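Okay, structure first, notes after.
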């Protein structure tokens, strides 16, 4: 049965595999994940949307589980790696490091708020994903602690300021709050001053 099914999938791939790449399937699945949640990410639905056979999908993926793993990896690439790249930035300290950190959020390139919220929601149904999200949260919080610690705050204030800065941004996304980019950038120095408690130090170019 399994062999016959795989043979059929390979045969069906035909034209589909020449026109669609693995990345095409991932992009389509990301849109569905962000709009409808992980339960909506289904092979049949994606194939219909992309106007190809299921065989095209199985040419690139072993199954739905394989696709979901690819989506989680894409989240890590877009929403985790940019923060991880900051860890080695020894040229930045305190307020400057804080600005570099918040720029990952502000620039949204490659960071995706919609993807972050979708994966966070996905974590409610998957222990594996929940652990990944918790790990990302702790890592990002650790970077904020580093920034506030370098500003000279004591341990308790470092912790609370890190929580406020992080919870503020997650709340911003959870509320799906949108404002014109010029307006957001205009407010940015004020946010920096309030969150860092260092008027003039937290402010700076994006």
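Quick reminder: no glycine exception, Cβ is built from N, Cα and C everywhere.
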The annotated DNA-binding region range in TrEMBL, which must be one of 2-21, 22-41, 42-61: 42-61
Secondary structure content of the domain 'HTH tetR-type' (19-79), with strand meaning DSSP E or B: 50 helix, 0 strand, 11 coil
Confidence summary (mean pLDDT) of the DNA-binding region (42-61): 95
